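Participant: From TrEMBL, here are the annotated features:
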DOMAIN    24-215  domain '6-phosphogluconate dehydrogenase NADP-binding'
DOMAIN    218-343  domain '3-hydroxyisobutyrate dehydrogenase-like NAD-binding'
Amino acid sequence: MLPSTRCMLQHSLRRLAPHDRSKTIGFIGLGAMGKEMANNLLSKTLAANPDPAVTFVVHDTFEQSITRFLTANTSLYPNRNILAASSPAGIAKLSGTIVTMLPSSPQVKSVYTEENGILDGLESYCSASADDIQAKTLCIDCTTLDPKVAVETATTIKSANAHSAFDMIDAPVSGGVVGANAGTLSFMVGSNSSTSFATAEPYLAMMGSRAIHCGKNGNGLIAKIANNLLLGISMLGVTEAMLLGTAHGLPPKVLAGIINTSTGKCWSSEVNNPCPGALEGTKYSPPADRDYEGGFAARLMAKDLKLAMNTAKLEGVPTPLGQLTSSIYEALGGNEEYGGKDFGVAFKALSAALGREEFKGGREEV
Ligand code: NAD
């Protein structure tokens, strides 16, 4: 028997109160971000609510992630209901609040609207129960995905119940794995309904320190994608500036110190400087100092920049720098050595090309 199934049975036997969907939180996607967010959501929910009916159900396609989550948390909270479901439909049958944290658009489509997805679970719950209050479900999707897919998926979920019992909002995050672990994420929320935003806020507050209602469904994602477009461009800018200075003999710490007290300062120079050693002696410890391990992967930046380019095209927004940045991150993201490393790895890749003849040439008089 799988450990998750065993836990589920043990907890079903232990349950003291009848199951209550309104007191059940489902979480799908226990990856780098999701497992930290789920840990915070679970621990803070249980701390705030001693009610034995409170239940937390998780699902992921990677069985080991479920086992790790259940093993750690059922020993921390032995008398509480912490379960696993074998599909998103199983999560939806049990939970009045569902948080999803998935890689991108294809996985969100699959988890919400394909076979054994959330929609199937909601429909099957409603066909078995006439209780509109218990059917009430809010899905909070924290994935960074195509805003168009997010809006289409939310429309499908909402229109599945004639009594408006279902809603889905987009709530992508900024703050990375460190922010997810510390519970200090920023949520950018797209929700047609201010009531749904207000319902989501207490849950978001357990995983983050800020939630901003950006307007209608999809707007949270537009904000997130615009931010990451700028982040990708600024990281390449800092990379080139640090490379130019250090190639001419400036010590990384001296150059970073100057940039960070001058007009070039940005997050990529001050907190996540891509040049190893540049932030030595400061309070920051960027992935560059650990061979780019443990940050925001270049392949995720490549994905976000592609989303930005697609989103820009919809309104005919000119993005010359974005296109160049996107093509550079597409190459880095698809590279076996660099794809899984922090996106500051652009510095390492460009350093490898340093001094090549094709980049040399006569100086222009200016
Ligand atoms: P990840 O790949 O580590 O985690 C994704 C999880 O989803 C995995 O556990 C995977 O097994 C699970 N999954 C995939 N398909 C599934 C399915 N069909 N059903 C159930 N589970 C499924 O990714 P991550 O780093 O946690 O990122 C998640 C999202 O957050 C992405 O959209 C990413 O762009 C965004 N994000 C990431 C960071 C970061 O620093 N990693 C920062 C901000 C935003």
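A Cβ is built for glycine as well, from the same backbone N, Cα and C atoms used for every other residue.
TrEMBL annotations: computationally assigned, not manually curated.
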Participant: Could you give me the DSSP helix, strand and coil counts for the domain '3-hydroxyisobutyrate dehydrogenase-like NAD-binding' (218-343)?
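Facilitator: Counting residues per DSSP class in the domain '3-hydroxyisobutyrate dehydrogenase-like NAD-binding' (218-343), I get 77 helix, 2 strand, 47 coil.
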Participant: Looking only at the domain '6-phosphogluconate dehydrogenase NADP-binding' (24-215), report the model's average pLDDT.
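Facilitator: In the predicted model, the domain '6-phosphogluconate dehydrogenase NADP-binding' (24-215) has a mean pLDDT of 95.
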